[in-house]
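Features of the protein shown, as given by TrEMBL:
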DOMAIN    90-279  domain 'ABC transmembrane type-1'
TRANSMEM  29-51  transmembrane segment
TRANSMEM  92-117  transmembrane segment
TRANSMEM  129-149  transmembrane segment
TRANSMEM  155-172  transmembrane segment
TRANSMEM  203-224  transmembrane segment
TRANSMEM  260-278  transmembrane segment
Amino acid sequence: MTRYLEQVQERPRRSWWALARRRFLRNRVAILAALYLVAMYLVALLAPFIAPYDPHEGDILYIHARPSSEHLLGTDENGRDVLSRLIYGARISMSVGLIAMVISIAIGSLIGGVSGYAGRVVDSVLMRVTDGMMAIPYFFLVLIVVAVFGSSFRNIVLVIGVTSWMVVARIVRSEVLRTRELDFVLAARALGASSTRILLRHILPHAVPSIIVAATLGVANAILLESALSYLGLGIQPPQASWGNMLSNSQAYLWENPLLPLYPGLLILLTVLAYNFLGDALRDALDPQYREGQL
C-alpha cells in the first residue's frame, strides 16, 4: 500500500492545458473540422501557386462549360474557371473572417477588461454602451455603415470587426469580475502592481479559454456576414472573387449551369459548420463543466 501511494505521488501531474488538449483530441469531429480549416487557409495562402487559371481571365469558347479535365468544376457565364475563382474566393472569405475576429477580440477584451476591473461608474457606462450596441439589429447596422462608407475589403473588415465586439466584452467582463478578488490578484495589488499590470498579467490570461471559444464562433459569423453582404451586392465587388458574390452571380444562370451556385454555397456551409464544431469542441475541452451543466 505504501509503495502504491509513493508511485501515485511520484506520478507527474498533468497541467490544465494538457488535460484540455487531451479532451479536445478525443473529439473526432473537431479534429476533422480543424484539418478542414487548416486546409482552407493553406489553399487561401497558396492560391497564386495552385490555381490552374487566372480567376479573372475568361474564354468565350468555354462559357458555362461542364466539368472536364481542363476545367475540373467547369466555367461560369464569362468562361472563367470556377475552381480558380473558388480558390481565390477563399482568400477573401477566410481573410475577412480572421482579421475581423482579431479586431473584435481586441476591442471586446479591452472594453470588457476595463469595465470589469474598474467597476462602478466606468462599468455602468461601458455596459450601457454595450447594451445599446446590442440593441441595434446587427446586420442592418453593418448594411448602413457599408452603404455609407463603401464596400472595399478594408471597409468590410473594419465594419464587421468594429460592430461585433459586444459579446466578447461581456464574456471578458464576467471573467474579470470572477477573478479580480482572488488571492493572487489581491497579493499583486498589495505588492504595488499597477492596475494595467494586474489586468494584463494576472486577470486577462484567465479569460483566454473563453476568448478562444468566442474567437472561433466570431470567425464563422464574420465569414457568413461577408458572404451575405457580397450576395446582396454590398460586399466584395466583381470581378474580384468571393464566395458570396459568386453565389449571387450564379443564381441568374441556374438553368444554364445548375452546379454553379452549389460550389460556393457548399464551401460557405462547410466552413461555417467547421468553425461551429471547432468552437463547441473547444468549449467542452476548456470548460468540461459546461457539458455537465447541460445534463
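Using the three backbone atoms N, Cα and C, a Cβ is placed for every residue, glycine included.
Each of 92-117, 129-149, 155-172, 203-224, 260-278 was scored by its Cβ pairs under 8 Å to the transmembrane segment (29-51), and the highest score goes to 260-278.
Between the transmembrane segment (260-278) and the transmembrane segment (155-172), the number of CB pairs under 8 angstroms, six or more residues apart, is fewer than three, so the stretches are not in contact. With a threshold of 8 Å between CB atoms, the same-chain residues lying at least 6 positions outside the transmembrane segment (155-172) that come near it are 95-96, 99-105, 107-109, 111-113, 115-116, 126, 130, 133-134, 138, 141-142, 145-146, 149, 204, 207, 210-211, 214, 218, 221-222, 225-226, 229, 235-236.
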